[in-house]
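Engineer: The annotation region 'Disordered' is assigned in Swiss-Prot to 1-69. Among the features that Swiss-Prot reports, compositional bias 'Basic and acidic residues' is placed at 41-50. Per Swiss-Prot, the feature domain 'tr-type G' maps to 72-298; the stated evidence is sequence analysis. Annotation comment: Swiss-Prot describes 81-88 as region 'G1', evidence class sequence analysis. Annotation comment: Swiss-Prot describes Asp84, Ala85, Gly86, Lys87, Ser88, Thr89, Asn220, Lys221, Met222, Asp223, Ser262, Gly263, Leu264 as GTP binding site, evidence class similarity to another entry. Per Swiss-Prot, region 'G2' is recorded for 137-141. The region 'G3' annotation in Swiss-Prot covers 158-161. The region 'G4' annotation in Swiss-Prot covers 220-223.
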Amino acid sequence: MELSEPIVENGETEMSPEESWEHKEEISEAEPGGGSLGDGRPPEESAHEMMEEEEEIPKPKSVVAPPGAPKKEHVNVVFIGHVDAGKSTIGGQIMYLTGMVDKRTLEKYEREAKEKNRETWYLSWALDTNQEERDKGKTVEVGRAYFETEKKHFTILDAPGHKSFVPNMIGGASQADLAVLVISARKGEFETGFEKGGQTREHAMLAKTAGVKHLIVLINKMDDPTVNWSNERYEECKEKLVPFLKKVGFNPKKDIHFMPCSGLTGANLKEQSDFCPWYIGLPFIPYLDNLPNFNRSVDGPIRLPIVDKYKDMGTVVLGKLESGSICKGQQLVMMPNKHNVEVLGILSDDVETDTVAPGENLKIRLKGIEEEEILPGFILCDPNNLCHSGRTFDAQIVIIEHKSIICPGYNAVLHIHTCIEEVEITALICLVDKKSGEKSKTRPRFVKQDQVCIARLRTAGTICLETFKDFPQMGRFTLRDEGKTIAIGKVLKLVPEKD
């Protein structure tokens with residue numbers, strides 16, 4: 001069976017994604033090769049390894065399909081990379097190849113793109129929804145689209161690649177299970193994306209910080225005249241990327257998979273391409289379908305970090321369920337404001353459903369709270385198991401990039417799960433030796449680039465957070481300043497407020 005054609009029964013042909021819910025084949029839950037991606041890797045000596053200690057929390061992904069439909073595993077894929085690497089184009093092409101966007105719609109986009117002299121961008125219009133993005137050809141919000149393979153249901157998070165949009169990218173990465181780093185093989189473009197100031201480095205680092213375990217590197221634009229499906233150019237790009245990705249904390253043998261492709265022609269995305277006989281391995285979509293299952297558990301406490309909210313016959317919140325399961329009619333609490341709410345309705349990837357499990361992207365209609373009383377970064381919890389909230393915490397941080405020294409009193413912007421808040425480093429507690437993990441006996445007066453320290457941080461307002469040990473997804477963070485990611489960190493302990 002072709003991998004991603006809609007399954008047809010009883011002689012029916014055209015089906016919308018909604019109808020096809022009723023028509024899917026039974027898929028065995030216990031897939032061979034299950035288990036978390038990228039476990040048991042050798043300790044690499046890099047700052048990021050220190051971030052990735054025991055993650056025993058159930059992995060935040062699972063799926064409950066609407067009644068009567070078989071279950072497919074939900075996986076969030078974030079496309080990352082430099083601004084013109086071709087992320088949206090690949091996203092659009094995948095939507096087309098898996099039958100989520102039909103030829104007519106694609107041709108309409110192609111015509112509109114031509115009229116605006118944006119010819120090669122037509123595929124990305126399937127993802128870029130608003131006019132401003134289409135005019136600029138840049139993806140600003142995190143675009144959302146989904147496609148299905150035989151065994152899995154994928155949501156594409158198309159994260160922007162422009163420098164000023166990195167905070168949006170962080171939101172995308174914090175919801176992703178899997179990252180696809182799109183690299184342009186075109187002469188000059190690869191170099192721009194990768195050199196200082198290019199987005200490639202920062203995006204890969206953010207994905208790792210956000211807890212993305214598995215990275216697929218698509219070397220795109222292989223059809224470009226400057227590349228012409230050259231194996232040498234492909235290997236050259238690979239060689240330059242591996243040391244960097246290793247430094248960020250990805251294990252090249254277990255966590256990274258490279259493949260060549262062309263987003264514009266669709267070569268090597270769904271079917272093996274004749275252009276690169278030198279590439280042995282599955283094309284992109286079959287490779288995704290055959291990934292081992294993510295370890296998942298529905299028994300954890302309910303945690304749903306809010307990404308966005310709007311008014312529509314009540315208050316609707318958007319987010320990815322990180323842990324636990326939610327059902328219609330359930331009483332929940334919105335933290336940190338301890339607002340009691342009731343679940344009136346649930347949409348999982350725009351399909352109405354009564355119960356959902358971790359990993360699903362949800363729109364939840366709530367009763368008992370106004371839209372203006374909610375901010376991104378708030379968290380929906382079980383009344384009997386609230387998340388922690390506060391302003392002061394101790395954390396281990398790694399200074400990634402900062403020209404000058406950092407002293408107590410330093411201010412930055414904290415990005416933790418879906419929350420963005422101003423933060424001050426109020427005290428430096430000790431330095432941590434990168435290799436041995438030993439802590440210094442004396443308090444440092446300052447820290448500088450590439451050092452690891454334990455520090456006390458205090459946010460401007462109350463935020464929801466957990467220790468990294470208890471809940472990795474809500475205990476890892478980045479610090480940004482002047483448009484750059486300057487540090488990554490993990491929460492070690494919450495410090496109670498003094499009255």
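Positions of Cβ are set from backbone N, Cα and C atoms, glycine also.
Describe the structural context of each listed feature in the structure shown, including burial, neighbouring residues and relevant distances.
Structural biologist: Contacts of Gly86 (GTP binding site) defined by a Cβ separation under 8 A and a same-chain sequence distance of 6+ are given as Val182, Ser184, Asn220, Lys221, Gly263, Leu264, in order along the sequence. The secondary structure of Gly86 (GTP binding site), as reduced to three states from DSSP, is coil rather than helix or strand.
For the region 'G4' (220-223), the mean pLDDT of the prediction comes to 92.
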Engineer: Under an 8 Å Cβ to Cβ limit, what residues of the same chain, 6 or more beyond the ends of the region 'G4' (220-223), are close to it?
Structural biologist: 85-86, 90, 182-186, 189, 229-230, 234, 260-265, 267-268, 275-276
Engineer: Just how many other Cβ atoms lie inside 10 Å of the Cβ on Ser262 (GTP binding site)?
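Structural biologist: The answer is 26 other Cβ atoms.
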Engineer: Express in Å, rounded to the nearest integer, the largest CA to CA distance found among the GTP-binding residues Asp84, Ala85, Gly86, Lys87, Ser88, Thr89, Asn220, Lys221, Met222, Asp223, Ser262, Gly263, Leu264 named in the record.
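Structural biologist: It comes out at 17 Å between the most distant Cα atoms.
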Engineer: Give the residue counts of the region 'G4' (220-223) per reduced DSSP state, in the order helix, strand, coil.
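Structural biologist: Once the DSSP states are binned, the region 'G4' (220-223) shows 0 helix, 1 strand, 3 coil.
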Engineer: Which is it, of Met222, Leu264: the one of these binding-site residues whose Cβ has the most other Cβ atoms within 10 Å?
Structural biologist: Met222
